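The structure appears below as structure tokens.
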Amino acid sequence: TPEQQRYVELFIVVDHGMFMKXXXXXXXXXXXIHQMVNIMKEAYRYLYIDILLTGVEIWSNKDLINVQPAAPQTLDSFGEWRXXXXXXXKSHDNAQLLTSTDFDGPTIGLAYVGSMCDPKRSTAVIQDHSEIDLLVAVTMDHELGHNLGIRHDTGSCSCGGYPCVMSPVISHDISKYFSDCSYIQCWDFIMKENPQCILNKR
């Protein structure tokens, strides 16, 4: 049944700029990440997906990839790094890079679509675009949604009168609900592609 629970083991990397922004305190950065992942759990409950934080790596000395304003290049480099280097890191299904770099144009996050469990492409890059953890967490929800095969909502999609997570435009109202379309697209992807890595929780 589609309702069979799925588990996304999430690995988060905090880049050097974001580490410095958080007053170079690793504890502060880690606490913020835990908060954001708890917010993500709420949204994903509706999709019958549990988000498990399996690791946080903080690039406290220097960035291990070239983090640049061109989001597609940064996403590509991060994917290469994950496939090559992070194998050493704990087993995980999906990795997100949080950066203080201001991406070109209105972009605040970028992810491959329908790439969950792919060694290189099960990744996303997220700009730490707000002082409000909640707003950044919604962007994390949104990009992970793309990895799970969810596209942007169109006019006919709804999530009960609230702003929806997969809306193409960022809303300053907090969107913590996935739309009916998102639900269908996510489970279409899971049933068709059957990404194996999200069946277990370790």
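Glycine too: its Cβ is placed from the backbone N, Cα and C atoms.
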Same-site Ca(2+) binder from D93, D118, D128, given that Swiss-Prot records E9, C197, N200: D93
Swiss-Prot annotation, disulfide partner among C157, C159 for C181: C157
Per Swiss-Prot, the disulfide partner of C164, chosen from C159, C186: C159
Nonlocal residues around H152 (Zn(2+) binding site), in sequence order (Cβ under 8 Å, 6 or more apart): M166, S167, P168
Count of other CB atoms lying within 10 Å of the CB belonging to D93 (Ca(2+) binding site): 24
Whole-number Å value for how far C164 (disulfide bond) lies from C197 (Ca(2+) binding site) (Cα to Cα): 27
